[in-house]
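Features of the protein shown, as given by TrEMBL:
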BINDING   Asn59  NADPH binding site
BINDING   Ala72, Thr73, Lys74, Pro75  NADP(+) binding site
DOMAIN    8-101  domain 'Pyrroline-5-carboxylate reductase catalytic N-terminal'
DOMAIN    164-266  domain 'Pyrroline-5-carboxylate reductase dimerisation'
Amino acid sequence: MEAAELWVGFVGAGRMAGGLVRGLLQAGKVPASNVLASAPSDKNLDAWRELGCRTTHCNLEVVHRSTLVFLATKPHVLPGVLEEIRPAVGSHHIVVSLVAGVTIQTLQRLLPPWTKVLRIMPNLPCVVQAGAMVFSRGTNAGDEEAALLQSLLSSCGLCEEVPESYIDIHTGLSGSGVAYVYLFAEALAEGAVKMGMPGALASRIAAQTLLGAAKMLLETGEHPAKLRGDVCTPGGTTIYALHQLEKGALRATVMDAVEAATNRACDMAKD
């Protein structure tokens, strides 16, 4: 489907949805005039209007005027929204949920039986088109729908199709993982401040260090342990620093954090 022919709707207009639409627009995946977003108030819609998108307070209007419909509401609001839009969902619609903790099985149960349903889990850096996203498809979503979604979302960062059981793991790894990285960046900068560097400079260097390290991981395809070893020289500064990190059980602590966040995501899906 050509970008000019694709009509995209967002039921819910929060920050994550806004990040996705910015990526779509900047990459030319869809014109702003083909995007319609709904929200109960104008609080979040003003930013969409500034992008040239159309807005409404009516969720049903989004469904009636869109082919690809993103669900981006709060989890506790979603069941009521699905009840509202269900009569308007046709066999031509593709419904994509960004809502945490709501399974494909639940979505399919609350929507008409023919609905093409997919579920995606983005993370915060989608707002700057550097996100990490995974998606899974429901019973009626085929290769064409999966390819369309992957093509669109690749403009917002890495996008991989996975079994739905991986989505909670992705939440623990990447959704929550962004916060782990921010904490580590803060600690790096504060260590430099302790040694006498100005805070603003230390923060910029810490951020660039993380960016460069991530870029090398992605572009070289090397295992992190290999790249870590490349930085170390016998008796040098890095191996002394790594020894301190090992004393603090950094790796085990981070693994525990991913496990804790994944388990919490699983629990939320059961609530």
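Here the Cβ of each residue, glycine as well, is placed from N, Cα and C on the backbone.
Mapped onto this structure are the features recorded in TrEMBL.
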residue : record               : contacts (Cβ under 8 Å, 6+ apart)
Asn59   : NADPH binding site   : Val11, Ser38, Val81, Glu84, Ile85
Ala72   : NADP(+) binding site : Phe10, Val11, Gly12, Ala13, Gly14, Met16, Ala17, Leu98, Val99
Thr73   : NADP(+) binding site : Val11, Gly12, Val81, Val99
Lys74   : NADP(+) binding site : Gly12, Val99
Pro75   : NADP(+) binding site : Val99, Ala100, Gly101, Val102, Met268
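For the domain 'Pyrroline-5-carboxylate reductase dimerisation' (164-266), DSSP puts the residue distribution at 87 helix, 0 strand, 16 coil.
One way to see the shell of the NADP(+) site is to take the Cβ centroid of Ala72, Thr73, Lys74, Pro75; the remaining same-chain residues with a Cβ within 8 Å of it are Gly12, Gly14, Leu71, His76, Val77, Leu78, Val81, Leu98, Val99, Ala100.
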